[in-house]
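S.K.: For reference, the structure I am asking about is given below.
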Amino acid sequence: MTIFDNYEVWFVIGSQHLYGPETLRQVTQHAEHVVNALNTEAKLPCKLVLKPLGTTPDEITAICRDANYDDRCAGLVVWLHTFSPAKMWINGLTMLNKPLLQFHTQFNAALPWDSIDMDFMNLNQTAHGGREFGFIGARMRQQHAVVTGHWQDKQAHERIGSWMRQAVSKQDTRHLKVCRFGDNMREVAVTDGDKVAAQIKFGFSVNTWAVGDLVQVVNSISDGDVNALVDEYESCYTMTPATQIHGKKRQNVLEAARIELGMKRFLEQGGFHAFTTTFEDLHGLKQLPGLAVQRLMQQGYGFAGEGDWKTAALLRIMKVMSTGLQGGTSFMEDYTYHFEKGNDLVLGSHMLEVCPSIAAEEKPILDVQHLGIGGKDDPARLIFNTQTGPAIVASLIDLGDRYRLLVNCIDTVKTPHSLPKLPVANALWKAQPDLPTASEAWILAGGAHHTVFSHALNLNDMRQFAEMHDIEITVIDNDTRLPAFKDALRWNEVYYGFRR
């Protein structure tokens, strides 16, 4: 059972009565065949549900209206099997508030060269029916996704599946509640922002809860529940001597388990799926939540430190998008650099809170070590290195008049040396196209020091996310050149300025 099982995507066929009942009967048969095949063979994350043909303005409007009010409907896939005059779609598309994908396909893959006649031509008109539909989208200034390819093509399946992930993520985001335990880290700019504007743009709500409210729930957790969770720790992780049953830091592990159970109960009771903490506001907690946060992220919760609600929300959104995909997704921070000619590296980490979903080790190390920041007892944490391979880091920032998504494509590498004195999980990567270009572009674009790191998602996923939410995206990859990048920032400023 995954979040995708809670949603479905409606498959809508556009046609008209001009061609007669026999043609419409064949269109319906083709649609049933295609939907059944896609549900069976395409490995789509969501079920496709075939809706009645849209052959009149009233029928199309009814489908779009019903989609809006059906909470299970994540979006619409539209196929213009025959020519479907696009004025019929205006009212429906005007009111539609669910994501829309135009599947530019046709039932047959090859033309029947010896038998093709006008009946065949009239039945299979995607080539120009799709263009008519595209015009009305452009005329109405409504962005929608387009996938071209035969319905049996695996690449088309993958693209539809990727779009479905975005559509479900968007519906989940509309119901997302972000809990901030405490406020923003004092005097920090980029982690702050306009929460009302965010709720208007994305749908998620952000509210603050006193740490004392959390502490009450933490203190209500029974010793039996704590011991049961620590037994789980024993089976899942490599425990250092200090954390084992007679170790000198065993009590810190028990307290970390109590915090995890209390946090999870608080989040579940409030319907929260993302949260933040700050080391400046830990009143009543015996340690900064480290292990608890790591494990909650692995369970799908969004998180960011220092009150950074935008990154916490983005992490949850990306967790939903990547459900079931290979590779993990985590809160991250660009921490420090390794400058070496031709081998510049970024070491990413945070004080404690890196998600084990990106761990290279099957059993991370569970340890308790000193943490000066926060002024509390030594916190428990998981320590691990990160899987190697292509990845991305993404940052969502508030520019006042709009949101900007920054994405840097990176290549994670194996740590060339052991890190015996580094008591936190970490990731090591090469930034594309190189560290000087990537860091300068990131700084010029205003990217945050907090990011979401993902092996599971790629640049195309984030482009789709930006398009679906109608926000700016700024990309730093192997094709980035600083002069052109600066020009793009200037052009974007003008473009979005005109749209205000």
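Backbone N, Cα and C define each Cβ position, glycine as well.
The Mn(2+) binding site annotation in Swiss-Prot covers Glu306, Glu333, His350, His450.
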S.K.: Determine, for the Mn(2+) site, the additional residues of the same chain whose CB lies within 8 Å of the mean position of the CB atoms of Glu306, Glu333, His350, His450; present them in sequence order.
M.R.: Ala304, Gly305, Asp308, Thr311, Phe331, Met332, Met351, Glu353, His449
S.K.: Taking the Cβ of Glu333 (Mn(2+) binding site) as centre, how many other Cβ atoms lie within 10 Å?
M.R.: 24
S.K.: Minimum Cβ neighbour count within 10 Å among the binding-site residues His350, His450: which residue?
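M.R.: Counting other Cβ atoms within 10 Å of each of the binding-site residues His350, His450 gives the minimum at His350.
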S.K.: Name the residues of the same chain, 6+ apart in sequence, whose Cβ is under 8 Å from the Cβ of Glu306 (Mn(2+) binding site)?
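M.R.: The answer is Asn184, Met185, Val188, Thr191, Thr276, Thr278, Phe279, His450.
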S.K.: Three states by DSSP: which one describes Glu333 (Mn(2+) binding site)?
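M.R.: In three-state terms, Glu333 (Mn(2+) binding site) counts as strand.
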S.K.: Where does His450 (Mn(2+) binding site) sit in DSSP terms: helix, strand, or coil?
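M.R.: SS state of His450 (Mn(2+) binding site) = strand.
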